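Straight from TrEMBL, the features:
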ACT_SITE  Glu100  active site, nucleophile
ACT_SITE  Glu104  active site, proton donor
DOMAIN    19-214  domain 'GH16'
CARBOHYD  Asn108  N-linked glycosylation site
SIGNAL    1-20  signal peptide
Amino acid sequence: MATVLCVILYVLALSCSVIARPATFLQDFRITWSDSHIRQMEGGKAIQLVLDQNSGCGFASKYKYLFGRVSMKIKLIPGDSAGTVTAFYMNSDTDKVRDELDFEFLGNRTGQPYTVQTNVYAHGKGDKEQRINLWFDPALEFHTYSIMWNHRHVVFYVDEVPIRVYKNNEAKGIPYPKVQPMGVYSTLWEADDWATRGGLEKIDWSKAPFYAYYKDFDIEGCPVPGPTNCASNTKNWWEGAAYQDLSQAEARRYRWVRLNHLIYDYCTDKSRYPVTPPECMAGI
């Protein structure tokens, strides 16, 4: 596992160094609730999350980060997963003016596609949901889910396919998360009041317990507290020219996802937003 530890290197110039080292789950993460429902596997290199009628569970990174890239390989709940939500997200953990970048995997009845909901909170304002149906069964094997966050944009990836882009349009007065560091979180929980078909499909507890699996936790970013110049260092790889915009190949995949698998976009929901939100008109 590659983990970024921004080591204080005051030699020639302060910089943020990427250091690769093998690590187990508990070296970089802590259990936030219901430790009896998180089980370590493969010597701590993988974990199993459990949801039953008693509890769900969750974990979080030990550090917060300001810009970078975080990814995890996840195998979702197989079969009838209606009413469950497996979430993987970044959060500033602040009360009112919070920043947050969300992956939420919404379970479904057997044979129906898994829906992935993404959301962005910037300076305390969220309600920017988009949903896609995955083009594969995410319960059959592990797939990689990633969030790239730099000064230019936030990109959500599924197996290196970009499914959402949120650009920095502060010049147009649109909030962008760039000041508050965010931790990395994941939870497995019951949300059958809204998760599947708007809450019409409830959890079938006869199918419990429900299991989700995680491995290959990868965080590369500037930890906070850490060297104060790290987040503004243009030499960090995620700030490089290759990551300022989608490549041509990524742009083609992005258009393919949006054309074929996007099932909901708040930007076009006139019942919620009679006036199109400004970020939607800014090329997001």
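Positions of Cβ are set from backbone N, Cα and C atoms, glycine also.
Where TrEMBL records a feature, it is marked here on the structure.
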residue	record	contacts (Cβ under 8 Å, 6+ apart)
Glu100	active site, nucleophile	Tyr89, Met90, Asn91, Ser92, Asn119, Val120, Tyr121, Gly126, Pro177, Met182
Glu104	active site, proton donor	Val85, Thr86, Ala87, Tyr89, Val116, Gln117, Thr118, Asn119
Asn108	N-linked glycosylation site	Ser81, Ala82, Tyr114, Thr115, Thr196, Glu201
Predicted model, mean pLDDT over the domain 'GH16' (19-214):
93
